[in-house]
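What TrEMBL annotates here:
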BINDING   C506, C509, C546, C549  Zn(2+) 1 binding site
BINDING   C515, C518, C533, C536  Zn(2+) 2 binding site
DOMAIN    278-444  domain 'Helicase ATP-binding'
DOMAIN    541-709  domain 'Helicase C-terminal'
Amino acid sequence: MQIASVIVDVPTMRTDKTYDYIIPEEWTDKINIGTRVAVPFGPRSIQGFVLDIRDHSEITKLKKIIEPLDLTPVLNEELLQLGHWLTETTLCLKVSAYQAMLPSAMKAKYKKILHLVSDTHDTNLREIFGQKEELSWEEAEERKVLPLLQKEVKKGNVEVRYVVKNKGNKKWVRSFHLLLSWKELETVLSDFPHNAVKQKCILEYFQKTGKDQLSINQITEGTGATLASARSLVQKGYLQEKQEEVYRDPYENRVFKRTEALKLTDEQEEVMAPIVRSIDDKRHETFLLYGVTGSGKTEVYLQSIQRVLNNGKEAIVLVPEISLTPQMVHRFKGRFGDDVAVLHSGLSVGEHYDEWRKIQRKEVKVVVGARSAIFAPFENLGIIIIDEEHETSYKQEENPRYHARDVAIFRGNYHKCPVILGSATPSLESFARAQKGVYTLLSMKRRMNNKDLPKVSIVDMREELREGNRSLFSRELFSKLQDRIEKRQQSVLFLNRRGYSSFVMCRDCGFVIQCPHCDISLTYHRHTNQMKCHYCGYEDHVPTICPECNSEHIRYFGTGTQKVEEEIGKLLPEARVIRMDVDTTSRKGAHEKLLQQFQEGKADILLGTQMIAKGLDFPNITLVGVLSADTMLHLPDFRSSEKTFQLLTQVSGRAGRHELEGEVVIQTYTPEHYSIELAGIQDYNRFYKQEMMMRKIGSYPPFYYLALITVSHEDLMKVVSTTDKISKYIRSKISKESIILGPVTSPIPRINNRYRYQCLIKYKREPDLAKNLRMVLEHFSQQKQSEGLTISIDVNPYMMM
Ligand code: ADP
Ligand code: ZN
Ligand code: ZN
């Protein structure tokens, strides 16, 4: 007898272990390690992952697995190990780790079913169920028998069961295949019965199109005939019906022009050499490719991948979600054609699933995707590339809280292949590792066009105000905008994310309207004239009088993209503006369409939030303006200077990438801040030194590792006392070199009526920390369940709020 150890889809600490089940005889060769299965669990049937198969179990009364949910295992040996490592390092539940690696189409969906307990003789019930034993919840609702059945559930005559519904949804197309030769078809048609007009139409349509296979859609559209007519032809032996699985290809209708490898520059040759050595020697090495914007990093990626493909291996390329623009996709599809699968959040669940299956079936060799593409189930990986490695979106902010960079290095180690981290502004952590020799540093200092980096001028907005300029535009930026419009060149205007949220404030008493459930101000949305909380979704109308002082002077403030657009409309009415922000890009494909229009020269100014900072490579952009550089600087986050520097450098890099020279204007209220000043002269090295000093003084990464514990509950006292207990416990377990800050309130002290407290641990070496943190989770899991306490632990946090 074979016994499977199964992790079940019940996300609690208590069930975070394997359960043994008997593998039924008929499934022995179908159920393997890594297969998803449906198993009985209490009254329900739920999904699980088989982690091990043995021939005995310590448990005596075992249940049987109901059925396998896959024909081939979805988790291979490597992914199983990786899942284990994820649970150890991020302290997540095992089931969350495995689910994170699979497309969401494979997440179990459960269907509620009413099951007739077999020995009832109630005629009423018999009538409802008819010949069957089961009735779906929806059907019972529809037939209005649900209340009655719920009473029967109480009596024990009917059971509510949950069954695993979804096994991944493949898309099928029905098509018809012509079984006659063209000659035979002609003969058949010449003698076709007159009462079967529609059938004749279908055959004639095959003849007319010259195709020997047509989908049912093609047939109905081309002839107006129905499925029934086509099936009559099947009965007559003229056609054959087929069900064919098709992929939903989001890039189906696009042609990608093939590109050839470019002749590398000396600098590119130099950085390629060690990468190629690592590929050919089948040796794991992590490279930090530090190359200024426009230095040709992508070509290095492309040619490294080519090398890997020539060796018969596979490649993963990660790019940040927002730079998964068609431009970037083009560059990879253009070079490697149908060998490329693309994974990003714009895909429907089905499309995502299809791209994933292409990988699993080894129909593609390269994956380009956002964070979760790091789990692509390749078995013969030859290289992993992370572009814009400094982007914080590579850290997942929900369980499992993994960083794609760490996963990449795990997989690089497993497959003995190189990992390339590329950036013009490497994260401090990565650059420090490169300095220490943990990563190999590769630099490219020159831009491809041999042009200098664009000239940057920093404008002090306080000065503008003093001179009486109250506009959003400094005089310098405004005159440059005018100049570009006259020259028919393009400009990009950039608003920092935090800067675009406008708030509602009373001009008389200064009262700012806050969310009643969170300690954060509400954001004004112009098109609906509503105020909205970005944390809990609370919405309200803008009041006409101040709730504090009854003044009528209550207005919205802040510079939203819409407001900037209006102001441009007033000052430069002839300018054609494309606005890109969450409002204009929420529809699928809108992002792409707007960029396309801009590229085709249909606008003079591209105005947007940070989503436009990445990956833009248009020849006609000669001016970049940053409207407010410092909005991010004042966030309670030790990375705020780093983020500001990175963002300003990246945005500046959008100008003058081709023939025309570029200029950048950065407007700020704190021109003396080193992150702004050094971004202005694009001096990464000086910024690195300065920021390292700040981090050393503050005992922050890369000098210390961090772990952040956040506790939340509706009752403030409970939150404080729990956080206090946790802090004391950790303090008793940890060495003297480590620092514990807490309990303290979170930077956002309340979200959705739940108070939030933190305990921050700073440490250099604590081999037992993970174990102790897990103890905390286990110890409090009981209390968590009964009292609704939430405790989250983030190892290496990127969100400090
Ligand atoms: P980065 O990713 O470093 O910002 P890109 O890869 O976008 O830079 O390269 C900038 C431009 O230079 C692109 O238009 C690219 O096609 C071009 N380019 C890159 N390498 C070469 C080369 N060896 N010869 C000619 N043009 C190149
Ligand atoms: Zn007021
Ligand atoms: Zn709120």
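Numbers here mean position along the shown chain, with the first residue as 1.
The backbone N, Cα and C atoms fix where each Cβ goes, glycine too.
Where the annotation comes from TrEMBL, it is an automatic prediction and has not been curated.
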Cβ under 6 Å from ligand 2: qualifying binding-site residues of C506, C509, C515, C546, C549: C506, C509, C546, C549
Between C533 (Zn(2+) 2 binding site) and C506 (Zn(2+) 1 binding site), the C-alpha gap once rounded to whole angstrom: 18
Sequence-ordered binding-site residues from C506, C518, C533, C549 with Cβ under 6 Å of an atom of ligand 3: C518, C533
Residues near C509 (Zn(2+) 1 binding site) in space but at least six apart in sequence (CB under 8 A): C546, E548, C549, S551
Where C533 (Zn(2+) 2 binding site) sits in the secondary structure, as DSSP reduces it to three classes: coil
Distance [Cα-Cα, Å, rounded] between C506 (Zn(2+) 1 binding site) and C536 (Zn(2+) 2 binding site): 23
Those binding-site residues listed as C515, C518, C536, C549, and which of them has the most Cβ atoms within 10 Å of its own Cβ: C515
Cβ packing number for C546 (Zn(2+) 1 binding site), 10 Å threshold: 20
CB contacts for C533 (Zn(2+) 2 binding site) [other CB atoms within 10 A, all chains]: 20
